[in-house]
Every structure is written in C-alpha cells, then in structure tokens.
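What Swiss-Prot lists as topological domain 'Extracellular' is 1-18, 79-92, 156-182, 268-278, and the listing cites a curator's inference. Residues annotated as transmembrane segment in Swiss-Prot, with similarity to another entry given as evidence: 19-43, 56-78, 93-115, 135-155, 183-204, 246-267, 279-300. Positions annotated as topological domain 'Cytoplasmic' by Swiss-Prot: 44-55, 116-134, 205-245. Residues annotated as disulfide bond in Swiss-Prot, with sequence analysis given as evidence: C92-C169. Feature annotation from Swiss-Prot assigns N-linked glycosylation site to N165; the stated evidence is sequence analysis. Residues or ranges marked as N6-(retinylidene)lysine in Swiss-Prot: K288.
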Amino acid sequence: LHMIHLHWYQYPPMNPMMYPLLLVFMLITGILCLAGNFVTIWVFMNTKSLRTPANLLVVNLAMSDFLMMFTMFPPMMITCYYHTWTLGATFCEVYAFLGNLCGCASIWTMVFITFDRYNVIVKGVAGEPLSTKKASLWILTVWVLSFTWCVAPFFGWNRYVPEGNLTGCGTDYLSEDILSRSYLYIYSTWVYFLPLAITIYCYVFIIKAVAAHEKGMRDQAKKMGIKSLRNEEAQKTSAECRLAKIAMTTVALWFIAWTPYLLINWVGMFARSYLSPVYTIWGYVFAKANAVYNPIVYAIS
C-alpha cells in the first residue's frame, strides 16, 4: 500500500465487470502471443534455409515478446481474478522491470530489423551485408542497453509502482521531483521518439528506392518493346505497393501499440486530474497486443 500514490485514493473502485473482461482479454492475448512467438522461434531455428543473420533479429524479437508474456501473463491473470495486486511489493518491482526490459528489447530489435532492410534495399551492393557476428552484436547491444535503462529505477532514478488499476505495475509518472521526471523524459525519447523517427526515416527511403527501381524496370521494358519485365500476376501487386503497405502497417501498429502508454505517462506528469484508474488499463492492453501481431508482421514480411 505504501507504493500506491495518493492520487489514486480519490477514485472509487473500478466497476467489477472490468476485471473479468480484462481477464478474458489477457487470456486470449497470452495464448495467442505465446503460441505465435513460440512457433516463430521454432520454425526459424529448425529450418536451415531460414537461419540467416537477418532472421536472427526476427527470432530475438519473437523471444523478447515471448518472455514478456511468459513472465507477465500469470501475474496479470491472478491480479484480475482478485481485483487487486496481491503479489507483494518486491514482485511488483520485478514484474514492472521485466515488462519494461522485454518491451524495450522488442522495440529496439524492430529498429534494427528496419535498419537492416534499409541497408539491403537502399544501399544495395554498396551496403555491408549483415553477418551472423554483426547480428549477434546488435542483439547483445539491444539487451545490454535495455537492461541498463530498466534497472535504473532500482537505484533511485524513478521507481516501479502499482498502476492505478492495481492489476499491474510500471514506472512512477506521478512523482513531481525532477529526478523521477528526468528518467521519464529520457526514457520516452529512448524507447519511443527515437525508434519511431528511425523507423519512419528508413521506410521513407526504402519506399523511394523501390519506387525508383520499379520505374527503371518499366523504362527498360519500354526500350525492349514489351509491356513489362514482370509476369502478369506479379504486376498486379507491384513491389512498391507491397512495401508501402508493410511500411504503413509497421508504423501504424507501432503508433497504436506504444502511444497510449506514453500518453498515460505524460498525462500523469502534466495533467493528472484527467487520469483515472480505468484509463491506465489501456496502456498495457495495447502494449501487450503488440506482442501478438509482431510475429505476423515481421516473420511474414
């Protein structure tokens, strides 16, 4: 109880119907996430043709999402059943740490996947091919930096506390001291604004490069006196259209997944009067759903 901010005491308990709904949602999300990411890991690791350096990043993404749901799914089911956090202060901190760690690792793995695609498509033969050693170094960098940022609250730079809905734990965005807020400013930049900017930048140039390539092929086809260098079926879905869809899907899903949690943190810092316990649910609902569709977007594309 000592970890719960006074702000939450002004609100009545949430509608009891919210907990069964949240429990069912988490049950479905947990099963889909664990199954989808396990299948992704198993297929990529057991299919020789798929064991490429680039796919090591996809496997790492699936691993981080799998670990996030594996460690957070059971506690959430328990707290939804009891309508409050019942697992103690220490486990609250561990729970929040693991969620932040896996979330941060997932985000930056997606960034490196995007950067690899940028390197292959935009730079082409001029770009340095991704080797197993380099991919492994990227993965190690992701986990070391994620761990460094997420362990900081244990040493006094911000802290992990129960969320307003009391079914989960996260960073403390209600404390007004400059030390706590400075962590959230930098962490928001590190796990949201910078990755989003890099992703958008890379995909803009990827689409431009593919569009230029397609135009070159059409011009070459005209010189050769044929309609297209592609067969009729491939022409129906041009490369730039498919890639544009992947790019828009990636950026849109990123925005949908992480923006609610960011907004909750920033509203908590600057306009807490608008923040009720019910609103805090949506942050991790969308973030957890991200772990479900990641294997679909990245493994297939």
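Note that Cβ sites are derived from N, Cα and C of the backbone, with glycine treated the same way.
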Cβ neighbour count (within 10 Å, all chains shown) around K288 (N6-(retinylidene)lysine): 24
Cβ contacts the transmembrane segment (19-43)/the transmembrane segment (279-300), at least three under 8 Å, sequence gap 6 or more: yes
Cβ-Cβ neighbours of N165 (N-linked glycosylation site) (radius 10 Å): 27
For C169 (disulfide bond), nearby residues of its own chain (Cβ under 8 Å, 6 or more apart in sequence): W85, C92, E93, Y95, A96, G99, Y160, V161, P162, E163
Stretch with greatest number of CB pairs under 8 Å, the transmembrane segment (279-300) reference, 56-78, 93-115, 135-155, 183-204 candidates: 56-78
Helix, strand and coil counts within the topological domain 'Extracellular' (156-182) (DSSP): 5 helix, 6 strand, 16 coil
C92 (disulfide bond), number of other Cβ atoms within 10 Å: 21
Summary of DSSP states over the topological domain 'Extracellular' (79-92), given as helix, strand and coil counts: 9 helix, 0 strand, 5 coil
The topological domain 'Extracellular' (1-18) - residue tally per DSSP class, helix then strand then coil: 6 helix, 0 strand, 12 coil
Between K288 (N6-(retinylidene)lysine) and the residue listed as 'N-linked glycosylation site': CA-CA distance (Å): 16
